[in-house]
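Annotation source TrEMBL lists signal peptide at 1-19. TrEMBL lists 11-118, 128-231, 240-377, 429-595 with the feature domain 'Ig-like'. Marked as region 'Disordered' by TrEMBL: 56-81, 167-191, 716-738. The feature compositional bias 'Polar residues' is assigned by TrEMBL to 716-728.
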Amino acid sequence: MKTLVVFLLLMNVSQYASALEVYEGVESVLLTCQVTSVPAFPTLVWSRPDLNPPVVHQRSQAGDKLTDQNQRYRRRTSMKSDSLQTGDFSLTLRNPITSDSGTYTCTITAYGNTRTLTEVELQVKVSHQVFTLQVYEGAESVLLPCHIPFVSGPSTGVWSRYDLNPPTVHQRQQEEDELTDQNQRYRDRTSMKTDALQTGDFSLTLRKPHIFDSSNYTCTIRVTGEEPRLTDVHLQVKEPYVFPAEAWVLLAVLITAVLVGVGIYLWKLLRKVPQVEVDSGVESVQLICKAKVHLPEDAEVGWTDGSHRKVHVYENGSDQPEEQHQVYRDRTKMNEDLLKTGDLSLTLKYPTDGDTDTYTCTVYSREGRVLLKRKVELKVRVPQVEVDPGVESVQLPFKTIHLPKHATVEWMDKDNKKVHVYENGSDQPKEQHQAYRGRTKMQRNLLKTGDLSLTLKYPTDWDTKTYRCTVYNRWKMILIKAQVELKVRVPQVEVDSGVESVQLPFNTTLHLPEDAKVEWMENKYDRKVHVYENGSDQPEEQHQVFRDRTKMNEDLLKTGDLSLTLKYPTDDDSHTYTCTVYSREGNILLKRKVELKVRVCQVEVEEGAESVQLPFTTTQNLPEATKVEWMNNTYNRKVHLYMNGSDQPDKQHQVYRDRTKMNEDLLKTGDLSLTLKHPTDGDSGRYGCGVYSGNFCFRAINLELKVKGRVQVQDQTGDIRNRSSSIDPTPLMADQSV
């Protein structure tokens, strides 16, 4: 039935022909081939029937297969990496040459059925390039360019100047120069690269160019069996340039301007504001300011921030706290005898990211004249807290000085949702967003101790964000604020392919409403994995890949256990999954990600072994109508088929006939392992086994088989011996002997 569906799908693909013309020398040309739908396990081949071998490019599920590719296209073809998913089979041909002209055919094969999708008639024409060069007389040499992208056969390159007699400037033929007919004025002044016939670079070097060398030069390249290629170069040799006196004056002005600019830059560099950088949560930070001049005893010292708020004032021999802005009260300190020592540095206690600013220290005389002024830039880094999923709680740290008893402390997340509110001497849970209710806690006597840290219970990756703590006075003016970045790592679950099931964990203590909706999604392809709504599972909303393969616990909204059990996981299930809980109105109440990785089973055997077993064990007592199919996914070949209670050798690919065996009573025992006899390195690749009920695959596994080849080596005595090799066998070069 599956083969019939694929055949009908291929029959519905439209076949069309197109024609392309490009000029030799372009970087690449695109041969278009597209379909709207792609059958399962396809093989796509681009070919050119007039060549032997005809294969230009081949792509299968395992990737490019270029062993049969015609060597003239080696390393010059490519297809998009996702072509078998999108249906865009277009071929990029790099550096096209005239011998690439021909008819290209795009065909697709699936389950033994082959269909021609399109034919492209490509014509690569010879381009005629024209260059103009200027050089001054007295130069050591000048290079006249002439290239072809690819030399496909015996060739000859001739440079000519047709206003002379004889016209030949230089000739290269059969790996050497042929200068018998060379015009004598170019004698011993021309040369070409020795590997020109191999690289296609026929450029000419003309040494000691003179005024009389100015003219049109023609490069003619003749390749056996192809149209001649022409390149014209117009060369103009000028008299040497004399630098005028006016230009010397202009140059002197420019040099002066540059020196002035450098001087200004250095002056600004010396006056650059010093920077101080600390982490939020440190006990204190010092802003350095030292005077090298003697200061009078009656001088006034004032520190201000970028908003011109007074940070600290020293006047009349003592600090003046009543002049400070309230944000800085009880948080600043300066040294004793600061006017005598000249150390005017300021210590700022409990800095937060809200203190990131530029601060100015100014010294005034009794008359108000500025004696000294210094700036310091302070940057307080936002603290980062990182935890693993599943921990009981995490603390977002924030410590400051003691605060007024009527202060309000408010924690918010980046989405402006209230996380925790402390007001009027107690917590205010009614003001919290529902996502944080029952999950937060703050210290007792927090206004006295200044410890405003927040404990967040049962953090998930959904809680990964930046949190902001703000302290207000009774008039709602901000006293202090700080930020903390929280990162909860995404939990990772790793299992082997072939296990009965795997659980994607998600537990919450949050009280969930009875009418909540729980939805598990696979992120990469945005597919619904499992939906729980209106008190029951909703299998009709699942993507078909996950039907009959998922399960969630009973009473999940009451217990808070939203874990998902995924049956028969394979490496195709290796993705990131997201569980989202919605309210009746569609608002997100909770969200969590889980990353699943299913390891592919690796089987290794040496070439020459009697047999190798690809293991696969599932549940016992499978239905009698069950179909078991082993496939070589690398080459899309059917390895073994068990159907209607017996093996079906006529359905096998011929490579595997009489080489495979499965156990008796396999449906009863659940042992679906495959024995492959006489394995060779050609059997290496990805294998998959699918268990079907009708056309529905309810169990599958993928395995990687590696057959280590045996390399024959001739020792010094001339004897041939075998050596085991764990590397993939590679073709021998022409100069290697075995």
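A Cβ is built for glycine as well, from the same backbone N, Cα and C atoms used for every other residue.
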Q: Express the predicted model's confidence over the domain 'Ig-like' (11-118) as a mean pLDDT, rounded to an integer.
A: 89
Q. Within the domain 'Ig-like' (11-118), how many residues are helix, strand or coil going by DSSP?
A. 11 helix, 48 strand, 49 coil
Q. How does the domain 'Ig-like' (240-377) divide up by DSSP, counting helix, then strand, then coil residues?
A. 39 helix, 47 strand, 52 coil
Q: State the residues, same chain only, that lie 6 or more residues beyond the ends of the region 'Disordered' (167-191) and have a CB under 8 A from a CB inside it; answer 'none' if no residue qualifies.
A: 154, 156-161, 197, 202, 204-208, 212, 217
Q) What is the number of residues in the region 'Disordered' (167-191) that are helix, strand and coil, as DSSP sees it? A) 3 helix, 10 strand, 12 coil
